[in-house]
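Here is the structure we will look at, set down as structure tokens.
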């Protein structure tokens, strides 16, 4: 491989990374937190009972039907999600009609009464931010994230090319060496999780592929909402829609249908119950199977909604291309991952964030050492501070807002998000007003303080604080507070180390100046 080719790849690696680095850092941080979206949702609703739900799927289905008969007897479609799985800790019902959109309620599984949980954006909103960003139209955000992901793929491949001793460098970290340390840290974070970085980037592009090929969809299925709906219906190979007959009929008991599905698939195997045309002679009940495998099954049992007779065992064939896509999407989302594997996902995700952050800092550090302190370098330095150090401050403010905002505040979930971005905007203003060196220290210090405050605020505002969660063996609730304390300790360690490094550099500079003065005086004699 020629030196000229390596140089061109190094140029591509550097500039593609700098141009999209801040977006990629945001995507890595919010997307990685999304792997614990369910646990964050639970922490952000402290009113939720700590004890696990013991209601079986059949009883939960009957409870859901009773509630839907009360609130939406004329809806065209009901959906009931029984509790018991990690992603469904509560009984959830939803309904939709002729108007677009649908309504959703969370119920107490034992009583069927609406759950009185605080309104919160939760972990699911953080997860969606990694591909929808915030305050932008969804399609525009998808294009921005997709362009950044494509650049990320180029950066990764170019990085592999330019490193002659890739795997040797992956286990090398020389501390206290300035630019060399930043390069080692960048390489370490990139290479150790390289398979994950390649998988998550490519699968993310596949996941949003329909957005990027909307012209192809429009050509094959027609433009507008109807064409997109036709495409998605065919792609998902869902149960055929049955039009209502317009003749009233009594809905069959749902519990026996759920029990019949569980007799085929096993206990706790029902993921969702969908009822088309409830109360109509052409009602249909589809019981979908729950799976935790990367290749998500679409197996469903379809029953006549009046007689309860099984009319279809819906197991759509999966083509090779469709199967590959499903595996890639499943690997990207990581919903199948058990706790240890999920933590590995999180560690690799934060390694990606560290890889991007160290690359951005490396770019400015190298140019400062080369005395290339142009306006562009100064701008990048300040953006690095505001994004790399400021985003964690914003995310911590998001968690704190969940505890500090009034529970009855209108639009409370939106204000949690607003709090995150207001504080982050303040971090940008601070980075613009302060010298970069001071801004780094002050924002890292602010992050350490906010992270340490989170468990304290939780202790003062709820009864599910860290001590009680640990005593009760509730590792989900204890995990958020414990992770905040660990993050605070990490930032405090970085702060202490940076201060010590700055003091050592100042002392060394003073010694050099003293030596130069002594040499001048000696020469004068």
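Cβ coordinates are placed from backbone N, Cα and C, and glycine is handled just like the others.
According to TrEMBL, the transmembrane segment annotation covers 12-38 (among others).
Only residues 6 or more beyond the boundaries of the transmembrane segment (140-162), in the same chain, are considered here, and those with a CB under 8 A from a CB of the stretch are 1, 5-6, 9-10, 12-13, 16-17, 19-20, 23-24, 27, 130-133, 190, 194, 197-198, 201-202, 204-205, 208, 211-212. Residues or ranges marked as transmembrane segment in TrEMBL: 140-162 (among others).
Residues or ranges marked as transmembrane segment by TrEMBL: 343-363 (among others).
Annotation comment: TrEMBL describes 383-401 (among others) as transmembrane segment.
What TrEMBL lists as transmembrane segment is 413-432 (among others).
As annotated by TrEMBL, transmembrane segment applies to 444-461 (among others). Long-range contacts of the transmembrane segment (444-461) within the same chain, counting only residues at least 6 positions beyond its ends with a Cβ under 8 Å from a Cβ of the stretch, are 389, 392-393, 396-397, 399-400, 403-404, 467, 480-481, 484-485, 487-488, 491-492, 494-495, 498.
Residues annotated as transmembrane segment in TrEMBL: 473-496 (among others).
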Ask   = Who are the chain neighbours of the transmembrane segment (12-38) in space, where the CB to CB distance is under 8 Å and they lie at least 6 residues beyond its ends?
value = 86-87, 89, 122-124, 126-131, 133, 144-145, 147-149, 151-152, 154-155, 158-159, 162, 200, 334, 337, 342, 345-346, 349-350, 352-353, 356-357, 359-360, 363, 380, 383, 387-388, 391-392, 395, 479
Key: Chain residues outside the transmembrane segment (413-432) and at least six past its termini with a C-beta under 8 angstroms from it   = 119-122, 125, 134-135, 382-383, 385-386, 389-391, 393-395, 397-398, 400-402, 405, 439, 442-443
